[in-house]
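Note sheet for the following structure.
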Amino acid sequence: MDHHCPSPMKATSNGIFQGDNPLDFALPLAILQICLVLVVTRGLAFLLRPLRQPRVIAEIIGGILLGPSALGRNKGYLNAVFPPKSITVLDTLANIGLLFFLFLAGLELDVKSLRQSGKKVLVIAVTGITLPFALGIGTSVILRGTINKGVNATAFLVFMGVALSITAFPVLARILAELKLLTTDVGRMAMSAAAINDVAAWILLALAIALSGDNLSPVVPLWVFLCGCGFVIGAGLIVPPIFKWISRRCHEGEPVDELYICATLAAVLAAGLVTDVIGIHAMFGAFVIGVLLPKEGPFAGVLVEKVEDLVSGLFLPLYFVSSGLKTNVATIQGIQSWGLLVLVIFTACFGKIVGTFIVSLLWKFPKNEALALGFLMNSKGLVELIVLNIGKDRKVLNDQTFAIMVMMALFTTFITTPLVLAVYKPAKMLSKGDYKHRRIERKNPNTELRILTCFRSSRNIPSVINLLEASRGTERGERLSVYAMHLMEFSERPSAILMVHKARHNGLPFWNKGQRSANHVVVAFEAFQQLSQVSVRPMTSISSLSDMHEDICITAEKKNIAMIILPYHKNLRLDGSFESTRPDFHLVNKRVLEHASCSVGIFVDRGLGGTAQISASNVSFSITVLYFGGHDDREALAYGTRMAEHPGVELTVIRFLVESDSSEEIVTIHTEGTSAATLFSADVEFLAAFRTSISDDSSIKYEEKTARNVSETITILRDYSCCSLFLVGRRPDGVLPLALSQRIDCPELGPVGSLLTSSEYATTASVLVVQQYYDNLYANSSQQRDVASVPEN
């Protein structure tokens with residue numbers, strides 16, 4: 001930078017036509033910088049997604065690429081886009097983003113869970129700090145002797161120690177969620193240990209900052225530190241009561257008063273000002289406020305939703321750039337520098353991994369869990385960068401040391417995911433269980449039926465509950481046990497972590513025994529459980545859409561489920577047509593149909609039984625089973641028979657027959673697999689058994705209809721369009737479905753299901769499309785045509 005002061009930039013330009021270069025003005029330049037950063041970091045995040053890296057990695061790399069290491073070697077670009085005089089504005093914006101982001105990070109940290117974390121976690125966390133810290137001091141001696149000469153010795157010692165001993169809590173949470181380890185023991189331990197580690201790191205950082213001023217008297221660091229402690233204690237006394245009062249004034253499901261939000265954000269900034277005045281960085285205050293805010297009630301959640309997207313989306317990436325502009329990888333030259341880089345990386349990893357590993361083994365952890373914990377605790381992230389940047393700004397670290405440390409942070413975080421995957425795969429440990437009832441059709445229909453029902457939002461809950469009520473069968477209540485799984489999409493946002501916290505606290509996700517649970521989902525299921533004596537266990541699956549099906553299939557396997565019921569991926573509009581709000585869920589359903597090791601039903605909900613939840617006494621459903629033939633149809637009929645035991649359910653079974661003269665045709669259709677004759681005989685046997693069992697039951701009607709072609713089939717279906725629910729198979733056999741399948745829109749509903757949900761067939765009936773679990777063990781009399789397409793997992 002020149003010795004004469006650059007003139008301050010004006011905020012806005014007069015426009016390009018009046019001869020102004022917009023890049024000489026603060027606002028246009030800042031906007032350009034933000035957009036550039038967003039494009040680069042998001043692009044990188046997209047490229048790194050197959051490697052399952054957290055977004056922080058992409059942001060750090062993006063910052064380095066935009067800085068003097070890569071693009072910045074072109075001086076023209078650097079002076080145009082990031083001129084020295086714009087750095088003030090950039091840093092201010094970046095620090096505002098950082099302030100609020102650390103406030104959110106503080107919100108993610110739950111102090112209550114720290115208190116309950118127990119001895120093990122405490123020891124692991126303490127080892128995870130002390131060993132690397134000690135090694136950091138050793139490294140710092142070597143570095144001071146070589147490349148970082150002539151700095152304040154104690155400050156440098158403490159900075160190096162802190163930089164090596166940090167574990168990034170937010171990054172760790174995202175890595176755990178990505179690997180589906182959040183709810184496992186390892187995940188819990190890692191989260192709690194990282195949280196303790198985080199708090200300790202902040203205290204050490206405050207100490208380091210206090211030591212690093214270019215002060216003359218030794219009393220100053222002491223004053224800074226004492227004032228910092230005073231601030232924390234004062235805030236601890238003032239903040240919680242006020243926010244508890246606010247939190248009590250906010251009720252679930254009502255909009256939070258905007259005044260409260262505004263007051264909180266102002267408080268965060270004010271705390272930042274105070275800590276900046278004291279002389280420990282402004283974000284320290286914001287973090288403290290975040291930690292002290294009460295996490296119960298809707299207030300914290302609403303606050304996070306209001307702040308997170310703007311902050312972590314727009315402002316925070318600027319921090320990575322302002323850090324990247326100070327990082328020049330080119331300064332790491334020569335054998336000596338690279339050797340030091342390797343040394344730093346080695347000591348950082350060695351301290352964390354070996355320390356955690358040995359302590360975990362002493363606590364009698366299995367080896368692979370202990371290793372996984374070590375690797376997880378080794379992830380660095382934003383806080384690490386903050387420490388290094390403060391060190392750089394305070395002239396404690398020079399360019400070369402800074403570059404080495406940034407590379408170390410990048411490397412350690414980058415290797416976390418692959419290494420943990422290599423040593424610890426809980427999801428894959430589940431081999432196929434050996435339970436019998438993987439379907440509804442079974443020899444003894446009085447055995448317990450276990451259903452896993454999934455829902456995405458509360459809008460399909462009343463209908464699902466009505467469907468379960470009908471499935472209850474007779475009054476013997478122990479025959480149905482239900483697991484209700486709330487499918488939540490996991491994203492990189494802080495609110496996702498809060499969601500995870502809630503899930504972890506309540507043991508069984510979103511199930512609060514103590515306080516009146518405010519979640520209407522749960523209330524609905526609790527009420528249903530009391531009314532109908534069906535045991536319902538709610539659970540939550542939090543995962544990204546690409547692996548949601550794994551969660552569903554693994555849960556089904558663990559809980560010995562016979563039938564998974566998935567919601568149809570399109571939502572019902574008021575005029576009765578369907579609109580696809582989230583096409584991605586379509587893929588989830590498709591994958592579950594492929595991979596599930598039990599029967600699957602897709603439930604197309606057209607308001608089954610009205611929107612109100614019906615109490616058991618006055619259920620009156622008329623259910624129609626359309627029977628063409630084949631496994632899936634038999635499953636549908638078995639489910640229908642089960643429902644017909646319920647006193648309020650009337651069942652109509654329609655057996656479609658093809659005129660007899662076309663019998664040769666039927667045989668020729670099934671070229672692969674078995675001939676139609678054996679399939680047909682299995683159907684005949686099944687129907688004969690069904691008819692003998694219903695001869696004395698007045699609530700079941702059995703009708704046979706003959707149809708020659710598609711239009712006749714549709715005409716027959718029209719007569720039944722006023723029932724409440726159609727049960728159909730996904731892959732029916734026979735000529736008619738084959739003819740219907742010419743016009744199929746949605747392969748996972750099958751030919752008949754597609755027809756019943758298409759707009760040309762007007763009905764208010766909901767549809768449940770059933771796919772029977774088909775395993776070669778069951779194929780006693782008949783081989784299914786498409787065994788090849790059923791994956792053997």
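One is the number of the first residue shown, and numbering goes on along the chain from there.
The backbone N, Cα and C atoms fix where each Cβ goes, and this holds for glycine too.
Those TrEMBL annotations? Automatic predictions, nothing curated.
Per TrEMBL, the features are as follows:
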TRANSMEM  25-44  transmembrane segment
DOMAIN    44-419  domain 'Cation/H+ exchanger transmembrane'
TRANSMEM  56-72  transmembrane segment
TRANSMEM  92-109  transmembrane segment
TRANSMEM  121-143  transmembrane segment
TRANSMEM  155-177  transmembrane segment
TRANSMEM  189-211  transmembrane segment
TRANSMEM  223-247  transmembrane segment
TRANSMEM  259-292  transmembrane segment
TRANSMEM  338-363  transmembrane segment
TRANSMEM  370-390  transmembrane segment
TRANSMEM  402-424  transmembrane segment
DOMAIN    479-618  domain 'Cation/H(+) antiporter central'
DOMAIN    620-774  domain 'Cation/H(+) antiporter C-terminal'
Segment confidence, the domain 'Cation/H(+) antiporter central' (479-618), expressed as mean pLDDT: 73
Leading stretch by Cβ pairs under 8 Å, where the reference is the transmembrane segment (338-363) and the options are 121-143, 259-292, 370-390: 121-143
Residues from the same chain, set at least six apart from the ends of the transmembrane segment (370-390), whose C-beta lies under 8 A from its own: 54, 56, 60, 98, 101, 105, 124, 128, 159, 162-163, 166-172, 175-176, 181, 186, 189-190, 193-194, 197-198, 201-202, 205, 208-209, 212, 281, 283, 319-320, 322-323, 326, 348-349, 352-357, 360-361, 397, 402, 405-406, 408-409, 412-413, 415-416, 419-420, 423-424
Range from 92-109, 223-247, 402-424 with most C-beta pairs under 8 A to the transmembrane segment (259-292): 92-109
For the transmembrane segment (121-143), distant same-chain residues with Cβ under 8 A (at least six beyond the ends): 156-157, 159-165, 167, 189, 192-194, 196-197, 200-201, 204, 340, 343-344, 347-348, 350-352, 354-356, 358-360, 363, 373, 377, 401
